[in-house]
Structure formats: C-alpha cells, structure tokens
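Asks: Pasting in a structure now, in structure tokens, and then I'll have a few things to ask.
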Amino acid sequence: MAQSTTTSPDGGTTFEHLWSSLEPDSTYFDLPQSSRGNNEVVGGTDSSMDVFHLEGMTTSVMAQFNLLSSTMDQMSSRAASASPYTPEHAASVPTHSPYAQPSSTFDTMSPAPVIPSNTDYPGPHHFEVTFQQSSTAKSATWTYSPLLKKLYCQIAKTCPIQIKVSAPPPPGTAIRAMPVYKKAEHVTDIVKRCPNHELGRDFNEGQSAPASHLIRVEGNNLSQYVDDPVTGRQSVVVPYEPPQVGTEFTTILYNFMCNSSCVGGMNRRPILIIITLETRDGQVLGRRSFEGRICACPGRDRKADEDHYREQQALNESSAKNGAASKRAFKQSPPAVPALGPGVKKRRHGDEDTYYLQVRGRENFEILMKLKESLELMELVPQPLVDSYRQQQQLLQRPSHLQPPSYGPVLSPMNKVHGGVNKLPSVNQLVGQPPPHSSAATPNLGPVGSGMLNNHGHAVPANSEMTSSHGTQSMVSGSHCTPPPPYHADPSLVSFLTGLGCPNCIEYFTSQGLQSIYHLQNLTIEDLGALKIPEQYRMTIWRGLQDLKQGHDYGAAAQQLLRSSNAAAISIGGSGELQRQRVMEAVHFRVRHTITIPNRGGPGAGPDEWADFGFDLPDCKARKQPIKEEFTEAEIH
C-alpha cells in the first residue's frame, strides 16, 4: 500500500472514518485509472487521494466475478441463518407453517397450502384454546358453546380467547388466527369482509388493520396482518406472551368485523377459526379450530342451535334402535311387481322414515292393510286402556278349577232311540231342564245346571220366567237367533270392574259364571253381599250398575233377556249359598223339534199327565185338541 506525501488537513479524519465503516472481511477491487494524473489540481485547490491496489490487473474478470458471488453468498447466509428456506435448514425443520411468508424474492411458490388443515393438534406443548364461562342471555356480546364447539359474537365486539401451553415454547413463537369456510364447496374461497363493511367508515377510521380483514386483534401493537401473495389467505399474527404470575392462560382479544349473514361476504356460510402456535421459522407447534358465527344476538342463536342439536341426537338414537328392523330383505322387490296405489299411506309417529312394500295379490294386500291400520290405531289407544286389556286377557287365560259350562245333559240311550231322527237338541237340552225319569241328569248338571237342588235333592225349576216369556214368542222370529242390540262398547265384566277401581272383585263374579255386565243389571246390594263382595266395594259397584242402567235405553226384548238371565243366574237357597246357572243370551229363538209322546191312557187323560215333561202345556192340549204324533207302531210296541 502506497501513500502520497501531500495530504489535506481533513484527509486523515475522512480516511479513518471510511476505513472503520468497512467490514473486516470485505474484498475490494481497484478501478481502472483515469487519464488524469494523481497530482492534478482541480478548481485551484491542491488535493490528493490514496489509492489501494488489492488485486492486480492481471487477474481475469471471470475469476473476480466468481469471487464476488461467493462472498455475497456468505454474507446472505450469515444475515438470514434462521431462514427455513435455505438448504442448510431444510432437513432440520420437520414442519413448516402453512401460512409463513416467502423469505426470498426469488421464491415463486407459496409454502401455504390451498386448503389449510383444521384438525386439532395439541403438539409437544399441549396447545389449548379455551373460553371463559359465558351465559346465553340476550344481552351477551359473545358466548361459546362447548357442546357445539362454536363461538357466537357480535360484530366489532371484544371476544377474549385464552391460550394455554404445558411448557414454554421457543423464543419468537407467534400465534396466528385464520378464518376458513367450513363446508367443502366453499373451502377454497377466501373469507373476507363484505363490500359494505369494507368500504364503509364504521370500524375503519383510525385503524391500522386492512379494511378487508375479518379478524382483528385489539390492544396489541405488535400484531401483523398477513395476506398470502399466492393463496390470498388472510390472517393475523401476534407474538406469544407467557401468562402472567398467578395465571395459566394468555389472553388475546379478537374482533370480528363482519356478520355471517352479510351479502357479498360470508353470506350465511359457516366458517372455522383456526388458531395455530408457530415458531419463528414457521414450524407449527399446535393447532386448534372452532366454528364461528357473527350475529346480532349470540345468546339466542346459541340456545336455538343447542336445542336443534339435542333434537337431532334424540332422533338419531331412535333411528339407531329401529335400524335393525328397517334393514330387511323385502325392501327390494322384483321389478315386475306393480307399485302401491295412491291410497297407501305409510306414516309412523315419531319416525321420519317412510317405507313402501310391494305385494303381489289383492288378498295379501288387504291383509297387510289391516295390519297397517291396526298398528296405526294401536298408537291412538291410551296406555291405561292397553294395560286393562292385557290384564283381562291374562284373567281369561288363567286355568279354572271349575267344570266348563255345558248346554245340558247328554242324551240318554232311550232318548237316542225315540229321537233318532232329530237333528237339533231338544227344548229341555237348550234350557238345561233334565228330562223326566233320567237318572243321568243329576250327575251331569255341573256348575251351570238348569235348576237348583234343595236340601232334599229334588229339582226346583228356576227358569220358569224364561220359559214362559219365550213360549209366547216362539213363533215371532223367522230365524233361530236374532242378535241383541248394541248395549255397551265393551260388555266385558273385567273392563267394567277395572274402570270402577274394583279389579279385586272379578273373581267373586267369574266364579259364579257371570262374565258380562248384563248379568249384573238387576243385582241389589243384598245380592252383592250374597256374592261375598267386600263392603268397601259394594256401594261402588251398585252405583256403577245404576249409572249404567240410566245411561242406556234397552228395548223390550233386551229387558226380557236381562230378567230371564238374572232369574236363571242367581238363586239363594236355604243355606245362603249362591249356585251358578246356565245363562243364554238371546232375544228370540225358535226350535223345531219332533218329540215322541207315549200313550197316556187315551183321550181322557188330563193335564196332570204332562207335568213330568218340565215345560208348559201346549195350547193344542189345553184346548182339548189332538196334537200331531209322529211315530210308528213299531216304536210303540
């Protein structure tokens, strides 16, 4: 290095200043010498300058350029040693931030993905995002639903979000908040404010945040609003601050600057807020996401959404229980089977699903229609009535120790001989009266015999009223049996007593052969006492019978039936015990039967000769007129 001998007074100071400003490892090259000499005076002022020759001119220009390039590379590596985009750090950094900005102007591709991930990732520091306890009052400016993982807040209102980590993250860690659309058909769109709020003066004057950003940070001057140059995603980044003493959360105040219902913006499309914990070099240490809704009344909308969610859960549970029954093979029918007509309606209460069944054949269709109508009507029947019906069926199916009722004694061999041509049972068999001189009648009476046996063992007829009443009406009806008029909707004795609150008294009536309420119409309180009904139930049953008789208007034929039925059903003997008799429920009946009359001593026989037959004297005999006798001489002898 050569130095001139002549220097100005300020030359040394200037040189020292320039020399100290140079970096110690910089390399300098000399420029070509100008045509002027070193000692040439300019403008009449004597000046001199020092020239440094660090390289000789003999070195080629290409070699000097290569040396300059290597020197610049070393300088850039020291200036940005922490950049995640250098080859030295590419292998050491496992995960980069999807929202990190390019570190070099030569990068043409953005590292941020087109569709950011919204999967929760606690990471090594157990990153968590929580909210304070909030209410659903209509006056609340924000509220969070843990059930739905959804934040409800008003526009431009402060919403505190708590950040928690289990261990301190590395220095320089930042927290990023980015909005994305929730549904797949909208996820590629960028979430921005609507033009009305973006261009308006409200909430925009005096703000450092860009007008198009939806999310803002309040009370933090270190926040940065980022617009990805390739994907266009907008986000806001704030440095991570450790929690203060005595707390375990770091609170960040966010503002949402547009309503979810704004046209031109979100337009009622649901959004997700993605909160990520990132290092300085862009590595994601944790990720959390939740749904956001910006509305006018957060408390009301939260309550409505939670109620709807619970209803859907109940329906899903009900469908899951009935899922096995709905998955059947008969859902798929052959294509040749015609479809059901418009009259078929498949609707079930409490079930949203509708199923259609195709059936071949009209008869099968009608059977299934009856089943369908029965099931639909079953849903309309009150549960207490169903329980009463089931109790009645259990009582009817209970085995009884009593002998089953019979329609009279079995025909004796003598009756078979004399009545071999008959097809129908005799009058005596229908009314339960034993035939004369029949020793087999007494043991065959059973619990529903035709008469009662007194203490002496003689038969006492108890159905004289019924015989006389039907004797005058035997030729009125043209059929064997005319059905009675509709008395009551449910004539069952079990239903009647259950409705009165006396189900314990059923056995007292059924043990005596009383199975219908029409058998009890003319009972008195004394009769109920004879049936050994408990005293606390007697008055209730008697009043129920009185109300039943007053509420129904029976015809004359029905009244005759009731009188005859009760007369034949209840008879109190000398011992006070009640015996069961045979009851026939019929309004009119006519029996055609040919009987054999033995010889009674000629035409002079009186009416006393007919007393042993057990029925009234025929009109023809009372008028002394001969009756038709249908028998052969061989039968007489």
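Keep in mind that glycine also has a Cβ here, set from the backbone N, Cα and C atoms.
Predicted, not measured: the structure shown is a model, and the values here were computed from it.
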Asks: Looking at 345-380, 489-524, 525-560, 561-596, which stretch does Swiss-Prot describe as region 'Interaction with HIPK2'?
Replies: 345-380
Asks: Quick check on the annotations: Swiss-Prot lists motif 'PPxY motif' for one of 73-77, 398-402, 483-487. Which range is it?
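Replies: Checking Swiss-Prot against the ranges 73-77, 398-402, 483-487, the motif 'PPxY motif' one is 483-487.
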Asks: Counting by DSSP secondary structure, give me helix, strand and coil numbers for the compositional bias 'Basic and acidic residues' (301-311).
Replies: 11 helix, 0 strand, 0 coil
